[in-house]
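What TrEMBL records for this protein:
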- 8-291: domain 'Prephenate/arogenate dehydrogenase' (DOMAIN)
- 264-289: region 'Disordered' (REGION)
- 278-287: compositional bias 'Basic and acidic residues' (COMPBIAS)
Amino acid sequence: MSTAVSAPPVCVLGLGLIGGSLLRAAIAAGREAWGYNRSSGAVDAAVADGFDASTDLPAVLRRAAASDALVVVAVPMPAVDAVLATVAEHAPNVALTDVVSVKSAVAAAVAARGLSARFVGGHPMAGTAESGWDAGTADLFRDAVWVVAVDDGADPGVWQQVAGLALDCGSVVVPAESGEHDAAVARISHLPHVLAEALALAGAGGGDLALALAAGSFRDGTRIAGTAPALVDAMCEGNATALLAALDETLEVLRTAREQLADGRTGDLTSAGHAARQRYEQRERKPITGIVPGDDDWIERLRDAGRRGGVWTS
Ligand code: NAD
């Protein structure tokens, strides 16, 4: 259900796939919303599509400060600090969130700019291998999971604003502490990117014959290797510690599988992998009830609910 009646305006910084989709989704939900993009091409395209967009970041931020908007940072990690520096200069007291794929590094950058008091990080678990304004759609986040960070000191009012925006975009909210988010996405997002790149290389290593024979398994297993390398680099490098741990664990699994294959059997890997896939398919989204942001222990209770697969739906 839309929260548009009481919801604040939304100011989106970066109008690529995610930010452009967010601007469209916020407008579709009845929000007042506008955006900034560094390059005029995306701004011209957004304006031509009927949206309110500008290349003037200070002006966009002053408008956000004047209207108490929720500001959303939607640029790649390497560009985050420069954007935050401008936020600190022109709109230091706005409610602030982001959509960046890593959370600890963004929280640290926000703290370094003195913006933590009204910051609650976010990460919509939605996307495609495309980039830029033209790739965006208003329904990109529909039925997706949107992580909203529950870090120490989080402002409960801002937390509810960020969760409300996610719900307005059609997502359900999973509360998670930033470090726990990073460890989890290393496993289910960043590691898959590394493995997809490696698999694409293995296929290409077989030359034109192997690629000519490639069908569904290769196509599906390498789909995300089609993502722009710079975006993958930003995700992986921004979450290197957690990704290294997940990669080490997986290399150990592969090493064991290799040893077993040399002995003529692969059963341990295939049965364990099949069971793990079934656990994923059978996961449930249990609605979180009885927790009010701002009440005693709300941060720890939301973290715990998120760890147990709970979702915030209202
Ligand atoms: P994108 O390439 O489609 O858009 C990136 C946007 O950032 C563009 O509008 C670009 O103009 C702008 N930008 C780049 N460098 C900039 C700079 N130095 N200063 C100002 N603006 C700059 O990428 P995207 O997929 O929309 O990713 C945006 C954010 O969303 C990233 O932080 C990414 O981690 C996160 N994210 C991506 C996905 C995904 O699947 N693509 C999913 C969830 C979150």
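Cβ atoms here come from the backbone N, Cα and C positions, even for glycine.
In TrEMBL, annotation is done automatically, which means it is predicted and not curated.
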Tell me, what is the mean pLDDT of the domain 'Prephenate/arogenate dehydrogenase' (8-291)?
96
Reported in the order helix, strand, coil, what are the DSSP residue counts of the region 'Disordered' (264-289)?
15 helix, 2 strand, 9 coil
